[in-house]
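Per TrEMBL, these features apply:
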- 34-54: transmembrane segment (TRANSMEM)
- 60-82: transmembrane segment (TRANSMEM)
- 94-113: transmembrane segment (TRANSMEM)
- 125-142: transmembrane segment (TRANSMEM)
- 149-166: transmembrane segment (TRANSMEM)
- 172-191: transmembrane segment (TRANSMEM)
- 218-268: domain 'GGDEF' (DOMAIN)
Amino acid sequence: MSRIRRMIDWFTLASVPKELLVAQHDELKPQIPLLYAFLSLNAIGVAYTHYGLAPFWMTVWVPSILGAATVLRLVAWFTRPFGTMSILAVRRHLRITMGLGALLSMIYLAWAFGLDAYGHTLQHAHIAIFIALTVMGCSFCLTRLPQSALCNIVIVTVPYVLHYAFSGNPVYVAITLNILFVTLVMVRVMLNSASSFEALVRTQSELTRLNHEMTGLAHTDALTGLPNRRQFFAKLDEELRRDEERQGEVVVGVIDLDRFKVANDTLGPKPNQPVEARRLS
């Protein structure tokens, strides 16, 4: 049960770390236009080869509606404020992407099988190639979101294999077996890539955490725990950059308490820490 539960949590993105979710979301953005362009061009090609052989609504209206849905999804992706989205919003957006991807897979598959009832030998072969290439192309575009890619593969490949394996045509049976083996290898490679990507994100997250920790230590006085000069100059540089953008001015005042700054600059902070401790006690 625990393994099944972990699988469910993985597929629903419930157990995916937030750093990985953000990285997946960012990596998907440049792939989405390629995905929808690939789907649209393939659909236009199939509709063109079946035009005049299949009903008008199947070769014109269905691909037109699918194309409109594609445009709407592109608009939804590129009008979102990605840089300011919360983790909950990112997770919800990825889940919507997965759900709509599964729905589109079923619609495209049903449409392709519907067209397969019309035409001649070449049109039937085109449908077989269309389904196989479409699921492969979509899976590659969704490599950074393997949950969605796997859902699409299962939704399309299982009916595809059953449909052509029992067609009685040895050529289609051989094609089906080839596609099945290629799909299995593709899934293995995709999962390996997803695992490597997750390890990379985890390493980058750990390096970022260590960098923040080291920066905090470098900007804190070891004796008093107060912010030191490094933090002061870092904040000063930050304010100067802001004022350059705002075209403002910054005034800096430095006070030398008990003429201690000269000794600290000359000898360094470590020899002066006992003096500092006595002065502050």
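Going from the start of the chain as shown, residues are counted 1 onward.
Each Cβ is built from the backbone N, Cα and C atoms, and glycine gets one as well.
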Within the same chain, where does the transmembrane segment (172-191) have neighbours whose Cβ lies under 8 angstroms from its own Cβ atoms, ignoring anything closer than 6 residues to its ends? I mean 6 or more beyond.
128, 132, 135-136, 139-140, 143, 146, 149-150, 153, 157, 160-161, 164-165
Roughly where does the domain 'GGDEF' (218-268) sit in mean pLDDT, to the nearest integer?
69
Hey, which bits of the same chain come close to the transmembrane segment (34-54), Cβ under 8 Å, at least six residues off its ends?
60, 62-63, 66-67, 70, 73-74, 104, 108, 112, 114-115, 117-120, 122-123, 126-127, 130, 133-134, 137-138, 141-142
